[in-house]
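Since the structure comes first, as structure tokens, the remarks are kept for the end.
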């Protein structure tokens, strides 16, 4: 039932916990996981500014998803990591809907009220617009 | 480049490029006006610049999807030129800036960017943000609470309106609402019209009316050089950001050349020097633009709006523009560098701070970059000038071996000489340089000095383990610095 699982991550501690849930799901249904990390415009600017060249930048981005990768590495689930560019919400939605996914696993991140008011909640947007079931990890 | 490629860059994304171009044009207008006011010129100068640069760069730029125009970094550099010598000299300086940038592009100097460390670039954007912010403070002088209230209203709309829709740029909505409030409220606060003229016509070709003499060149050259360097730094940084956002590559030398051509044209059409804009380029890519068409549409639509709506534009209150500029400065500042400053190596943090302090003190971004680059060079030299020396006693105390590890050059020779004991009573000294590299004549001089000092005690010195390059260098200049010679 849940063969193809998309795990959205922002590299935070919280999203490592989401990875645990995705793994459990994949193990139960003998599925595979695609990890998606989205780089938005602001992050792009910061990353380019703080890294000497493309190679270093790529390495540091890989390091951001290292936590999730380690958890996956310990399990026996087949996985791949994909770094995409754009606004997190719409990019995850487009990627999910254009691919063949059975479930999206995403963390509800701990933004404060002001940030939520201005930025909106990515998990909320994703839950509203993707066409497959969504598991929001609290 | 083949035809297929050109077609893709122009017409590969027509719908996205046209829509994002329109969004960018709307966001460009307030910035172009505000940057003109910072530079001390009429709003038309910035608007013409943004129009000319955006249009020209769409044809000759190296990074499709990047937006260029009048910018704060450049405006801040020209303040004293405009104040001391007037507008015509600014046009001439703009043309010269373009020529210098074309030369940079032709001689492929984009690679020189790698000598500017990232901590200097972080300092650069932070200093730029601080200067844009402080340049707005003058608009608050002698104003009533109405000014503060309208600026607050502008900022509130800018940050909250995107919650309702992102289709229309929130800065535009803020400006329309605050202008309406100011007109109907009749508060008597200052408007764009009070600070300069706005002519509703297309720019025309003109040759700057300045005396064509060496004296003129001496006046404008330092400004042009600073403008050329700062313009390229910001443009290439922006190009890298757009590369990353779109996950594509771009030709940096072509972009340098393109920026130059755009500035030459701008100078002849009554515009001020400009460069790529980080904020606008991010807006463009976010709004779906990634082709050359987006920059062309942005420039043309901007000019159309000014010709059609110039009468309304002069009624925009300064409060609305100040609000937009405060938003621009908040967006420009690299907040992550403040959050992580304690995690950075101390030398990196020092370079960043020195860059910021120099810029804020001199109001000149190019001086800040220079100070930052020099300081990081000093730190680098200090870091690699540490030489490790191991002593090994051999042959029952008759021979001593010094194993030297590190880079031997002008900054490290004193450290090296201090670590060798010349008063040792041994027959022979071996200096093992297998893990060292000799870089310059100071290094060779140091070896000669070691030899000389030991010879005074009748101690024989042998050098071993020199690598090819070091051997070659020693052969070429060795012995020259020694008084006696070989």
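Cβ coordinates come from backbone N, Cα and C, glycine included.
Curation plays no part in TrEMBL annotations; they are all automatic predictions.
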Can you say which of B:217-239, B:401-423 is given as transmembrane segment in TrEMBL?
B:217-239
Residue counts in helix (H, G, I), strand (E, B) and coil for the domain 'STAS' (B:401-486), per DSSP?
32 helix, 24 strand, 30 coil
Paired segments the transmembrane segment (B:260-283) and the transmembrane segment (B:45-61) in contact, 3+ CB pairs under 8 A:
yes
Quickly jot the same-chain residues contacting the transmembrane segment (B:217-239) by Cβ under 8 Å, restricted to those at least six beyond its ends, or write none.
62-63, 66, 68, 71, 73-74, 77-78, 81, 85, 89, 92-94, 96-97, 100-101, 104, 110, 113, 116, 121, 124-125, 250, 252, 255-256, 259-260, 263, 273-278, 281, 364-367, 369
Could you check if the transmembrane segment (B:145-161) is in contact with the transmembrane segment (B:295-328), meaning 3+ Cβ pairs under 8 Å among residue pairs at least 6 apart in sequence?
yes
